[in-house]
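Pulled from TrEMBL:
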TRANSMEM  49-65  transmembrane segment
REGION    92-119  region 'Disordered'
COMPBIAS  108-119  compositional bias 'Polar residues'
ACT_SITE  206  active site, proton donor
ACT_SITE  351  active site
DISULFID  422-465  disulfide bond
ACT_SITE  479  active site, proton donor
ACT_SITE  520  active site
BINDING   607  Ca(2+) binding site
């Protein structure tokens, strides 16, 4: 949005004319013309001589006089001519107008920078936490997928590809942790290709979003993309990341090619590039529909369309399937290509399908008259379905939440909301403004009534997500919450913080009280702050970060998930998930930083928080 100038152009011209002093030539010429004497100076020799002197003197003044931008004065505020004559008083400067910023400078100063130094301090605290988490991983689990910080050892739960290393790499780049970039990059260069060629089964979705996405983001941020300014000079050359990404993706493609339909198998044997369906034969809808950002970008930078072609077949196929007001079941069959069951939810196995509809469209330029318009249409229809079928209010205080339809639209509504659903506020806000600030989108008349509805829903849902933290004794959210409604209530299952005004609205079952260091809420706080500029989202993010620091930090290094967030001290689990470094701390760092770092109108984050550039045509 263009910033208004200190004055209008009309005012500037008026003020300059009003206060501008007349030149010496104009003063003398007007004086001569207005003399009341009737003597004709030109009729005598003396008059002619005086006229010549006057003209010569005026000519000297005009030639020798220079503006303040033409020559440097020998003393501040004074202009000196030959012979030491100072004419500072004679050649008075025009009145000084207030400085005018260019539109870009004005926007950067008002929106992009931290005017309050406390946010720079808090951002540094997040950076320090990342360093602490990495130091624990490096000490006890380097090369393993995940750290078990209490046991002080590593574990491979994601195929053995060193998932934490790759997940954390672009976070370190964004934070400017050059030593960690060097360590992680050196490990990738020395070990990852060999690991890929030797490993057995991996999950297509998890490997794509964490490892492939992490490699591609590191490639871009290290300067691999033509025209991109690299943010780090540490670690291997960008081509190293790209070559490893291509080798991995070539093996993952077997999940698509082995399937009899456009729906890929869920599991891949890396060492021999074969694939097979998951036990039971079904794939998660979210998993098969959440690999497109990564494969699209790989095609763009490698020049080989095969990656994008295979991945986009999935979304094109889902377009043809029947839906319930744009909403889809959480399982799909690779054998038949059809949805299986009627369970509709935006939590596990359903979440990132909706996220990628809008993000893939944005990645491809965000044009409504392109070949990808169908994705925007599918997203728009789905969000209407969410508002109509899944959104409810709790009692007694009226929190807005998103529930589930376990048996389809004709079955009973469940007031259950996974923490995973807290991705939705950020996605709704992003879909409404396309990454622009709300102020700019409104000024440029880019928001439809439906966009405004979605933005309002985003803010309402973000409140419910934050209150899932606020109602617990630890200040950290459970994995799953239920909401008290007119039809559904349970007693004795509060979160432990009796001072919360929403203590009676949120129900937490015993089996759902764990916290895995998940990022979804802070992700939405980050996006909503960038778009609305409302500092309450920063304050909420800081409160969550402080709770992580207080209850999940392990003295010997790293952070751990918790078994029960409703009691203090909480029982601890023994795992630091890769997404704590790859997502949670990254989003908190960006939340407290400048908008110019990974701007939302130039990047999309994959569902593992790896930023990939938007294609601008």
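Cβ atoms here come from the backbone N, Cα and C positions, even for glycine.
The C-beta environment of residue 206 (active site, proton donor), restricted to residues of the same chain at least 6 apart in sequence and closer than 8 Å, consists of 158, 159. Residue 422 (disulfide bond) has its Cα within 10 Å of the Cα of these recorded positions: 520, taken from 479, 520, 607. Closest to residue 465 (disulfide bond) by Cα-Cα distance, out of the active-site residues 351, 479, 520, is 520. Nearest in space to residue 479 (active site, proton donor), taking C-alpha to C-alpha distance over the recorded positions 351, 520, 607, is 520. Long-range Cβ neighbours of residue 520 (active site) (same chain, at least 6 residues apart, Cβ-Cβ under 8 Å): 419, 420, 421, 422, 423, 465. Put simply, residue 351 (active site) is 10 Å from the residue listed as 'Ca(2+) binding site' when counted between their Cα atoms.
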